[in-house]
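Chemist: A single structure is presented below for examination.
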Amino acid sequence: MLEARLEQANLLKKVVDAIKDLVQDCNFDCNDSGIALQAMDNSHVALVSMMLKSESFSPFRCDRNIALGINLTSLTKVLRCAQNEDILTLKAEDAPDVVNLVFESAESDRLSEYDIKLMDIDQEHLGIPETEYGAVIKMPSAEFQRICRDLIALSESVSIECSKEGVKFACQGDIGSGSVTLRSHTNVDKPELNVEIDLTEPVALTFSLKYLVNFCKASGLSGQVKLCLSNEVPLLVEYALSNNSYLRFYLAPKIGDEE
Amino acid sequence: MARTRSKPAIKDPVPASTSAATAALPPSALDPPKLFILPTGASPAARIVTLPNPVTASPTRYFFCPKTGFYEFTKIAAPKKVSRSWLLAPHKAAEDRLHKITNSPEEVSQQGAGNSDKHDSAENIIDTPLISKGYITKSADLFVATPLDLMFLILPALSPISSVSKESQKQLFLSLDDYLDALSASSPHLKQLLLNSKLQDKISRRMAAICDIVDAGDEKMYRLSQRKLLAALLSKAERMAKEGLPTSMEEKFVRSVLEIPIMSVRREESELGSAPQTGPIPVGEGEEATEDKSQSATQSFGTATPVTTTGDSQSPITSSSTVSSLVTPTLPEVALSKPPSTAPEGILHLLRIRTILTFIFSSYIPPHLHKQLQALLQDTKSPDFAPLDAHLSHIASMHSQVQALRSLSDNISRKRGFEGDDEAAEARAEKKRMKEEEEKRKKNESKAVKQLKKVDTTGMKKLSAFFVKVGSKK
């Protein structure tokens, strides 16, 4: 059986919020190392990969590998019933029909309990190799979100060019063009505002902004976001969580018809 | 009506193939004997000849007897699916005169003593082991020789295609010899036959019936008159209609065409219900009158049908006229407004005539003459087809009405009727379930997911192109 206690329901709420706009149903694969999730959007051009390590829970118990097929819309509905600071406990049998969520309020003695019916979901699982990326950019997640939101006003796609000068997000649309350039930048007082660019080769790729904006919904999870790019390879957008947990998004680049 | 495609013309096919027939379990004969029913009293000089078909101009076999004229072959065959064969059994009388036999016993038994002529003619073929010991032919085809009017065979010569192509130009008057030359040019067999002066006489007589004639000195000159031709055809049609159409033709071209859609049953009920209130006397009288008429028509048809036709051919006539007499009361308002449209006996007769004419046209008349003859037929008043056309269009309109009514009101019941098929119902249920599920899924879909579907993903490869599938985790 599975029993995972999360000190703050907030974490799961944000993770699910970030994913639910990308995928509809997905399997939460639970094993003794934690809870993992991998799912693609309907067009199969974007992939979300989540790993919540067992260390993020206290306690975490999972006797067998269990796949919890959950409709994320339903999960969101239930998670809305939890306050951010509630203690969340996930429970499931070994061959579960339902997943049980218990919200405990630390302040009051309120205890709410919900069951969500599970689904059988046939999902293909992709093996994602460890990749040496040509460019790794770390920046404040709010900054990345702002760039994406600003540029989507102009165009549907953005070209990300990494060179010695810095990283340039540029787009060209019907009303005109725009670009944002970031350079490496260290803020001693507020390290979360640092911009680090680690470049081994120049990279230039184009991506769909709609998807990037969607990824940015995870900004609340982490102060910093890591963008990893290599030519002809999907972009990796990673939001690091505590205890080596992470939420990663992959997005296929636009190849061919440059706009 | 399938025209025969028998093997090369021999006077009588049977003796030619008898040798192959009697070998002990031989490979099946390449050219098996065929069964013919030949006219009684054919002269010994009768021949099977190859002449151009008047319609297609392709060589076709005919039976020619100098005394009685031309016969065409009609192939009577079992449907392909039904495997039938002829068993030709020895006939007692035939065995007695074994040395004389030339025909298959079947033929002897069917024709009785009528073919003694032929026996004589074929007497010299004695050496062959005889088919009369018993024989099985694989195909159950039977070729029946039926009399054919000489007129049809000479039509192509009377009006060559070239004469029609030059429309305005009047065809020239030609002498009988010119036509005979044209005829003999068309077929070597005919050339031989035309040496017979009797046949020439016959031809000239038939030509006189359908041609305009002028006297040029001591010679008569002929030119095809389409008006006369049509009159001849019409008289043929009249005669055929009087005898009654073959059952299958009657069923297909007359009865089914005149069938009134079912709707009338309901209307009849309502009419009966409302009749007492609306003073039905004049309507009722009209009904009876028409009914009587059609009844008498039925009777007259019944008596007119000759004894040779089976009871079968009578029944459709009777039933069809009862059908139409049933119809009359159901549509009183129509009957009052358009009296000719419900005169069944006239309509029936007209429709038969038209059916027969269509048949004659398609089987015997060269295609290039059709157009002009049809036009003439339209103009002619002797059988006036106008009431038939009116009636047919009336029926067509009723059919469309019923169609419209059905699609409106009968919709539900008809749907139920279709559901008798379990499998189909199951498939439909499955489809419905899938659709509902799909709808449910769609409802559960978040707004953002829906919007993401609209994103232009051209030029973006699927992620499975970059990452390797490792099989779905359970």
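Positions of Cβ are set from backbone N, Cα and C atoms, glycine also.
Annotation source TrEMBL lists domain 'Proliferating cell nuclear antigen PCNA N-terminal' at A:1-124. TrEMBL lists A:127-254 with the feature domain 'Proliferating cell nuclear antigen PCNA C-terminal'.
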Chemist: Would you mind giving the whole-number mean pLDDT across the domain 'Proliferating cell nuclear antigen PCNA N-terminal' (A:1-124)?
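Modeler: That stretch averages a pLDDT of 90.
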Chemist: Please work out the helix, strand and coil residue numbers for the domain 'Proliferating cell nuclear antigen PCNA C-terminal' (A:127-254) from the DSSP assignment.
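Modeler: When I sort the residues of the domain 'Proliferating cell nuclear antigen PCNA C-terminal' (A:127-254) into the three classes, I find 31 helix, 58 strand, 39 coil.
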Chemist: With DSSP as the yardstick, break the domain 'Proliferating cell nuclear antigen PCNA N-terminal' (A:1-124) down into helix, strand and coil residue counts.
Modeler: 23 helix, 56 strand, 45 coil
